[in-house]
Amino acid sequence: MAFSHIVRFTFLLVLSTSLVFASEPSPLQDFCVADNTSPVFVNGVACKNPSLVTADDFTFSGLDKPGNTSNQQGFAVNLVTVDQFPGLNTFGVTVERLDFAPKGLNSPHSHPRATEVLTVINWSLYVGFITTENKLFSKVMNKGDVFVFPIGLVHFQYNIGDCDVEAFSVLSSQDPGVVRIANSLFGANPEISDDILSKAFMLDKKTVDYMQSQF
């Protein structure tokens, strides 16, 4: 009986420790440049033969070019992942350029696997995130300011001015993921039931149908 309790305690201790320290694993070598042609399926991307690696694998060009903000949101993002930048593989990081037209919006969304650190390059952005207790932390950020969005929390960025705004972000995951709140709820495939959405948002079904038609 005592041995059984020890085994159970040990199992729970190991499980608890694993959950506490759960994150993307640290690299076991200097680098693991992604081999995006490999048929091997792993949690990440298989490594390229180190003898074939060059300096180009650790270089990405293109973030100097603004994105196309001619859309309903007035916003564009250029997300650079291991698919475009093989040298990022296993380092648990992704970078992106964000462009905002005047009054452009990066709509409320979350990154389920990453914390985001954003730097404003020019002019100003109104940014914020909402905690699990529905508390809003927001601030107007100016050129050179840095803001952090905690992992998994809903957040947004909005260009309050009349000039184009450029910003850069670094995310703490090789694959941060993105869940856009409005798109997920009103643009789900197959659609979420009108009964559920109308009750959740306290809207009539006609309004829900209209919202779904926009996505």
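Counting begins at 1 with the first residue displayed.
The backbone N, Cα and C atoms fix where each Cβ goes, and this holds for glycine too.
These figures come from a predicted structure and were not determined experimentally.
Summarising the annotation, TrEMBL assigns oxalate binding site to ASN106, HIS111, GLU116. Within its own chain, HIS111 (oxalate binding site) has PHE149, ILE151, GLY152, LEU171, SER173, PRO176, GLY177, VAL178, VAL179 as residues 6 or more apart in sequence whose C-beta sits under 8 angstroms from its own.
Annotated Mn(2+) binding site per TrEMBL: HIS109, HIS111, GLU116, HIS155, in sequence order.
Annotated disulfide bond per TrEMBL: CYS32-CYS47, in sequence order.
Per TrEMBL, the feature domain 'Cupin type-1' maps to 61-209. For the domain 'Cupin type-1' (61-209), the predicted model reports an average pLDDT of 96.
Here TrEMBL flags 1-22 as signal peptide.
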Other same-chain residues whose Cβ falls within 8 Å of the Cβ centroid of HIS109, HIS111, GLU116, HIS155, the recorded Mn(2+) site, in sequence order: SER110, ALA114, PHE129, PHE149, LEU153, VAL154, PRO176, VAL178
Alpha-carbon distance [HIS155 (Mn(2+) binding site); ASN106 (oxalate binding site)] in Å: 9
Residues in the domain 'Cupin type-1' (61-209) grouped by DSSP into helix, strand and remaining coil: 22 helix, 56 strand, 71 coil
